[in-house]
Amino acid sequence: MGIVLGPNRYGKAESRVVRIVRDSPRHEIRDLNVSSALRGDFAAAHTDGDQSQVLPTDTQKNTAFAFAKRHGVSSPEDYALALGRRLLEATPAATGAAVTVEEFAWDRIPVDGAGHDHAFVRRGGEVRTTSVDVTPQGAVVESGLHDLVVLKSTGSEFKGFLRDDYTTLPDADDRILATALRAGWRYASTDGIDWNATYDAVRSLLLATFATTYSRALQETLYAMGRAVLEAHAEVAEISFAAPNKHHFLVDLAPFGLDNPGEVFIAADRPYGLIEATVTREDD
Ligand SMILES: O=c1[nH]c(=O)c2[nH]c(=O)[nH]c2[nH]1
């Protein structure tokens, strides 16, 4: 009985393409998870080890990033069509190119009733938390949130850091700052607190402070957020943060004849910096 190759396709899955439009101070963001797959006559690659008809998955990834710049992302559909047509055209053996795009939606962070120019909060996903501990002496309430995903497309730098023989990171004057914030605040007492109103107010303050504070490091941003909460809320004794630094690396588009002045980024998954800090009261 003969053995033959059945259906097959190949491509690059889950390129995390972030496109910032920064023609004016009011930035736009499109945040995509892009996968492509080519199908057609790729039998020789499987049976003979012949790559002559194989457009590398690495090239498919490069095209995904280059097209975010060259074609732009007016919608996931328009971008996916352009990418699919290009991949098909570039690959003579292909009879079809499948492109799937997931888009993560971002809203502008509200500051004084208006959406901020370059600070965004990801829609959905965040979780409100509380943990209480009750004893005969009383109760302690710690409330908070996690997975509040925020991003600013400018207004963030990281430079002047300690360097040693293993340091390769260049100074960054203008970078994307993004995190999935975890925050927990301990209430000074349980009396007379409007839990829902305080939660909403603290969340708003965290967002507004993230948006409006020029960041010299995520550490400075966390401290500013904590200070803002403690200054505005006497009922909060202490607040703690854990903030993964969700790195966005500028993609080198020069090999494709394209410049990239802070417009196309790859959103890295891991490893990530993890910055943790507690902001408390001197007398607590
Ligand atoms: O905001 C930052 N804090 C750091 O401590 C750090 N370290 C690093 O490599 N990048 C950053 N960014």
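Using the three backbone atoms N, Cα and C, a Cβ is placed for every residue, glycine included.
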Matching residue for the 5-hydroxyisourate site, where TrEMBL names Thr57, Phe158, Arg175, Gln219 - out of Asn8, Asn245, Asn260: Asn245
Recorded positions close to ligand 1 - of Lys12, Thr57, Asp58, Arg175, His247, only those whose C-beta is under 6 Å away: none
Distance check against Thr57 (active site, charge relay system) for the recorded positions Lys12, Asn245, His247, keeping those with Cα within 10 Å: Lys12
His247 (active site, charge relay system) to Phe158 (5-hydroxyisourate binding site) - Cα separation in whole Å: 12
Between Lys12 (active site, charge relay system) and Gln219 (5-hydroxyisourate binding site): CA-CA distance (Å): 35
Other C-beta atoms that fall within 10 angstroms of the C-beta of Asp58 (urate binding site): 9
Cα-Cα distance linking Asp58 (urate binding site) and Phe158 (5-hydroxyisourate binding site), given in Å to the nearest integer: 30
